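Report on one structure; see the data block that follows.
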Amino acid sequence: MSLSKKLTLDKVDLKGKRVIMRVDFNVPMKNKEITNNQRIKAALPSINYCLDNGAKSVVLMSHLGRPDGVPMPDKYSLEPVAAELKSLLGKDVLFLKDCVGPEVEQACANPPNGSIILLENLRFHVEEEGKGKDASGNKIKAEPAKMEAFQASLSKLGDVYVNDAFGTAHRAHSSMVGVNLPQKACGFLMKKELTYFAKALDSPERPFLAILGGAKVADKIQLINNMLDKVNEMIIGGGMGFTFLKVLNNMEIGTSLFDEEGAKIVKDLMAKAEKNGVKITLPVDFVTADKFDENAKTGQATLASGIPAGWMGLDCGPKSSKKYVEVVTWAKQIVWNGPVGVFEWEEFARGTKELMNNVVEATKRGCITIIGGGDTATCCAKWNTEDKVSHVSTGGGASLELLEGKVLPGVSTLNNV
């Protein structure tokens, strides 16, 4: 799947056209109030571009939460997003109480020029995901004929399809792959994601470093495997590190995370690294805790001493951080997926925070730094480094699947140029 060869919004003639745009407005809410509008703001450049370039209308569609195909307007309505959009754009936004059907089709057929229309939550229909739950909570599958009708109805709402929802690009949902229009382009947010990942995966700057953290080796086997074909160096930290250290060094790890499934493949991964000439850096010292708790008693341990019974490693120690700095300083391109400690708790955040500072410094001297979504993106938000690295991905699952070498359905369906 070539990421850099997709039709982009700026290459489409929009004059007089109705644009139907898949966005990611899956924003956090409390009592129907939006607590973080970042995802809405991220879609504004694409929306404004359409309006500035003569589009007749922009119809926006998104999911919110997991209603599983059951309409839950009290809990998961996108109506509060319409109000937020209106204040951000300074323009009226028409909110429709459904996303398909005759009334919606009529409202979108010939709207006044320059209209902005927001549809209700796509996931109120089981046909969006293809599966869901009935009113009693039993799992159900969508009927193929109804899915076709759902997709056909969405397709009537625009003349041009634009996808700007990278966060959902790994899902083959109706709004991602089922809108059947001649022109299917990526919006500016999607374009930025694809540009950075194409650079990382197809033509990386070297030396290329991957920093991989997180808990389970089994969850990251495909990621490690694929990246071993791409990188020059790899740091493996976080909870995953303990599985590697126990298998390779027979280290005592106390009650630290150990992944039985992942342990079986550690030696194969190391053999592949050696064959490909990839240098792997593992932690050598640890901040320990007597229980998995923010206020646990803390201690120190090293690779040589091991972690005592009843204790667990929740962060890397200063010697590991020093090793990581050396590797980061050498790199010309970095992809980082997964924290190297329990960064949510102050006592165990130092390792990840120090690594973040080093990645920021690397960016200043011209290194291309790409932060995979999910927890690592949360770290950037927590320490205000989002604009101090080259790119923070908006899609945790989508960026992970790209780095694993998978094809993203929401991208492959877009027109090639």
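Each Cβ is built from the backbone N, Cα and C atoms, and glycine gets one as well.
Now, the feature entries from Swiss-Prot:
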{"type": "BINDING", "residues": "Val23, Asp24, Phe25, Asn26, Gln38, Arg39, Ser62, His63, Gly65, Arg66, Leu122, Arg123, His170, Arg171", "note": "(2R)-3-phosphoglycerate binding site"}
{"type": "BINDING", "residues": "Gly214, Asp219, Gly238, Gly338, Val340, Phe343", "note": "CDP binding site"}
{"type": "BINDING", "residues": "Gly214, Gly238, Phe343", "note": "ADP binding site"}
{"type": "BINDING", "residues": "Ala215, Lys216, Lys220, Gly239, Gly313, Glu344", "note": "AMP binding site"}
{"type": "BINDING", "residues": "Ala215, Ala218, Asp219, Asp375", "note": "Mg(2+) binding site"}
{"type": "BINDING", "residues": "Ala215, Lys220, Gly239, Gly313, Glu344, Asp375, Thr376", "note": "ATP binding site"}
{"type": "MOD_RES", "residues": "Ser2", "note": "phosphoserine"}
{"type": "MOD_RES", "residues": "Ser4", "note": "phosphoserine"}
{"type": "MOD_RES", "residues": "Lys6", "note": "N6-succinyllysine"}
{"type": "MOD_RES", "residues": "Lys131", "note": "N6-malonyllysine"}
{"type": "MOD_RES", "residues": "Lys191", "note": "N6-succinyllysine"}
{"type": "MOD_RES", "residues": "Ser203", "note": "phosphoserine"}
Ser4 (phosphoserine), number of other Cβ atoms within 10 Å: 13
Binding-site residues listed as Val23, Leu122, Ala215, Val340, least Cβ neighbours within 10 Å: Ala215
Listed binding-site residues His170, Gly214, Lys220, Gly313, Thr376, filtered to Cα within 10 Å of Lys6 (N6-succinyllysine): none
Top Cα neighbour of Leu122 ((2R)-3-phosphoglycerate binding site) in the set of recorded positions Lys191, Lys216, Gly239, Glu344, Asp375: Lys191
Fewest other C-beta atoms within 10 angstroms, as judged across Gln38, Ser203, Thr376, which are the recorded positions: Ser203
Nearest-integer angstrom distance between the alpha carbons (Cα) of Val340 (CDP binding site) and Lys220 (AMP binding site): 14
Cα-nearest neighbour of Gly338 (CDP binding site) within the listed binding-site residues, Ala218, Lys220, Gly313: Lys220
In three-state DSSP terms, the structure that the residue listed as 'N6-malonyllysine' belongs to: strand
Mapped DSSP class for Gly65 ((2R)-3-phosphoglycerate binding site), helix or strand or coil: coil
Site with most surrounding Cβ atoms, counting all protein chains shown within 10 Å, from the binding-site residues Gly214, Gly239, Gly313, Gly338: Gly313
Other CB atoms, at most 10 A from the CB of Gly238 (CDP binding site): 29
Cβ-Cβ neighbours of Lys131 (N6-malonyllysine) (radius 10 Å): 13
10 Å Cα neighbourhood of Lys216 (AMP binding site): matching recorded positions from Phe25, Lys191, Ser203, Gly238, Phe343, Thr376: Gly238
Binding-site residues clustered about Asp375 (Mg(2+) binding site) [Cα within 10 Å; pool: Val23, Gly214, Ala215, Asp219, Gly238, Phe343]: Gly214, Phe343
